[in-house]
Amino acid sequence: MTFSANIVFFFTFLIAIIVPVTSQPCNSYRFSKNIKYAACEDLPVLESSLHWNYHPSSGVVDVAFNKVNAKDSSWVAWAINPTSKGMVGSQSFVAVHKSNGTIKAYTSPITSYGTKLQEDNLSFSVHSLSTSYTNGGIIIFATFQLPPNKTLVNHVWDEGLVSEDGTLKAHSFSRSNLQSYGTIDFISGKVSKSDGDVNSQTILRNVHGVLNTVSWGIMMPIGVIMGRYLKVLEGLGSTWFHSHRACQSLAFLINIVGFGTGLYIGSHSGVHHAPHRCVGITLMCLACAQVLVAVCLRPKKDHKYRIFWNIFHYIVGYATIALAIWNNLKGFDILNVGNVWKKSYVGIIISLAGIAVILEVMTWIWVCNKRRAKNSQVPC
């Protein structure tokens, strides 16, 4: 081979390694048992395609939903929504591929955003349903009766993981998972993509994540550090208290906005993560209790009940910080952000913890030296 031929071969090999292999177009896909479909469409996200036969005389549709590159121990679902747009009201066909190699298909009507895709009958007749797992892809085969006078319907599709106990986990909140919906006309074969609403949903989720990460996860720990370590410095007077209160008050105001966006997201778009939501509500309750007790019920320093106020203030404060950090990390997993964001946040928390440890040691050394100096001045 000449030098130029070697160069061409090298770059061809390099491109073959770097460029990922994409799934073949739907019209070239060949099903086993020589099953054929009159129409098909490559869906825009999640490496999926839809194949179908429509029988006008009976209103029956034969469908094959093909999801390539399916993950091990995962579920995939395709659904139509005869009554509205979105997930609630969808009538879904689900395939669950477990880690032991078994795969099961069943139907599941989606009645809420918190669905676990429980098995149940759909609102229309299903004549047959099966699934297969071939070459890393999951295919759902279904034959069902379209609702009367309904050939144009909304459809959604998605994928998620299955836990070790067999529970279906919520799908990711990545852009692809949020864009997996549109409309399909079984007569004309026209399939539309998702509209622009997903952009606003994604922005709202990102805003929710940023607000809560900054407030719960960064500003509040900084406020705690200010309150604990600045007050031991002589000459500052009440500056430490005003700094601590200002930082925590600003964080609390940002929390309110972040909490409100979280409630809106859970009620109006996508499935929500129940533990994340419950911990978020708990955090807001603790923060409100902390503000109420700190502002309205704070006794004077020499009051006999001040010790109980201090205990409550410290326990609730540190519990809130711990829960907030845990919930922020869960939020990163739910939003499916890149590892760089999660690692950056963990790095910030570790840095703040390191600063707190250093300041704690320095504070104890300073306090002990001050006590020792004071005791040495006491006459015998």
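Residue 1 is the first one shown; counting continues down the chain.
Placed from the backbone N, Cα and C atoms, the Cβ positions cover glycine too.
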Students should find that the transmembrane segment stretch in TrEMBL, chosen from 250-268, 269-287, is 250-268
Across every protein chain in view, the count of C-beta atoms other than its own within 10 A of the C-beta of HIS313 (heme b binding site) is 15
Taking every pair from HIS208, HIS244, HIS276, HIS313 (the record's heme b binders), the biggest C-alpha distance in Å rounds to 27
Comparing 209-230, 250-268, 307-326 for Cβ pairs under 8 Å with the transmembrane segment (346-367), the winner is 209-230
Cβ-Cβ distance under 8 Å, sequence separation of 6 or more, same chain as HIS276 (heme b binding site); the residues meeting this, in order, are ASN327, LYS330, GLY331, ILE334
With neighbours defined as other CB atoms within 10 A, the best-packed of the binding-site residues HIS208, HIS244 is HIS208
